[in-house]
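Here Swiss-Prot flags C6, C42, C73 as [4Fe-4S] cluster 1 binding site, drawing on sequence analysis. Marked as [4Fe-4S] cluster 2 binding site by Swiss-Prot on the basis of sequence analysis: C153, C157, C160. If you look up Swiss-Prot, you'll see 1-110 marked as domain 'MTTase N-terminal'. The domain 'Radical SAM core' feature in Swiss-Prot is assigned to 139-386; the stated evidence is sequence analysis. The domain 'TRAM' feature in Swiss-Prot is assigned to 389-467.
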Amino acid sequence: MDLHGCAKNQVDAELIIGIMENLSWKNTSDPDEADLIIVNSCGFINSAKEESINAVLQAKAAHPKAKVLLAGCLAERYADILKNDLPEADGIFGNGNLSLLPQLIDSMFPKKTSDEKFIEKTLVPPQIGICGGERPKILNFPRSTYIKITEGCDNFCSFCAIPIIRGRLRSRPIKDICDEIKTFLKKSFYEFNLIGQDLAAYQTGKDDLSEDELHRENCSGLALLLKSISKIKGNFKIRLLYIHPDHFPLDILPIMTADKRFLPYFDIPFQSGAQKIIRAMNRNGAAEVYLDIIKNIREAFEKTNSPYGEPQIRTTFLVGFPGETDEDFNETIKFLKELRPLWSGGFTYSREEDTPSYSFKGKVPKKTAEARLAEIQNAQTSITEKKLDSFIGKEIEVLVEELIQAEDKTFLALGRAWFQAPEVDGAVVLNFNLNKKDIDGNPIAPGSIVKARIAARNGFDLEAVAV
């Protein structure tokens, strides 16, 4: 499995591994021994497309005896083109209904030589899947996993191809999600990161719960899900990743503040602080409205004396959008400084065919967009460093991901604190002696939860000592 793209794609890769194992295939990390190499691709922006295509070319060149299957978003979006223009791919499989993968595998690996002429290279089912299934192999570090709660998106931001690739919004049933969490808890998992194209839209798709059902519960679909999760017994943490700001459900805040297993970490992709650009992106919000959301979040946790202290925000900014002027960009910088997120990701605009913004006028020169990206990243760096410095001297819990042996009898571990999401944020470098134990009294190892005191900051990472 050669994985590309986002956390949603990672869950798909894990589901595919489960399907393949049910077909009696064995997963291997060594491509030299593979009969089949699956490139689970990303098709979101141009750089990701190029990376995925190159992965297919490299896999076929390095392992000519293996068959190469292109799966994922690139396959979903461009199957009709790639089945002719990418002969290195022996098979192409969309992500609309993963349960149909065995059909394509049977075609790629016919039981009789005479069946070769009947091979169907491409299978792109309609977007009807809702991301459930067995995941025997988790591609994260120990005791942490992603839980996908939705597929598709109904927001139709003018720059975004996700609705084209993933289709309209579909929500997993609450029971299905809770049962999956319970299954992982039995396997000693600790951290669950809820993901989807937009968590705020959970249970608002046309085939989801009716408005009458949600009205009867007097809450949003996401709040209803969090209420159900809060009833699950056990020691675990829940992190919410990607909540669209235009319909942020404030009714989740009382649920989260009442249960410390919900981490006060909010991933809200604002994209811009300029009203004109926000509207051009087909979004309904405004900088002052977005800041009010953050104010509500911070006040909710402050009033309840949260053991975590201040909630932390991650966001995303897209610069160089068509028509973005220097004045517009300065409004975004101003918004960022008022927002004060701990983390933010920055990207330059990628012109994607079939999206509304593809035909927008006012193209921003590449050098200008890159200069704006550098400026917003520098502004964020200053904010991040100050916020990380505020943790120095405080005690936190660290989820250990891997061990690194240092000199003498001192050991190092890499891990994450509650305000660090997997892969995208900084890390905690943990110093400890062999006699130190984790919170369960066991030797410190990958997957351990360790109490530690923050001693220093090193760039975007923190240095800590086990206590």
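Note: Cβ is positioned from N, Cα and C throughout, glycine not excepted.
Structure with Swiss-Prot features highlighted.
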residue: C6; record: [4Fe-4S] cluster 1 binding site; Cβ contacts under 8 Å, 6 or more apart: C42, F44
residue: C73; record: [4Fe-4S] cluster 1 binding site; Cβ contacts under 8 Å, 6 or more apart: G5, N9, S41, C42, G43, F44, N95, I165, R166
residue: C153; record: [4Fe-4S] cluster 2 binding site; Cβ contacts under 8 Å, 6 or more apart: C160, I162, P163, R166, R168, L169, Q197, D198, A201
residue: C157; record: [4Fe-4S] cluster 2 binding site; Cβ contacts under 8 Å, 6 or more apart: Q271, M281, N282, R283
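Counted with DSSP, the domain 'TRAM' (389-467) comes out as 1 helix, 42 strand, 36 coil.
The Cβ centroid of C153, C157, C160 marks the [4Fe-4S] cluster 2 site; residues of that chain outside this set whose Cβ lies within 8 Å of it are N155, F156, F159, A161, I162, P163, Q197, given in sequence order. Summarised as a single figure, the pLDDT of the domain 'TRAM' (389-467) averages 92. Sequence-ordered, the extra residues of this chain that approach the [4Fe-4S] cluster 1 site, with Cβ no more than 8 Å from the Cβ center of C6, C42, C73, are H4, G5, K8, N9, S41, G43, F44, A48, G72, L74.
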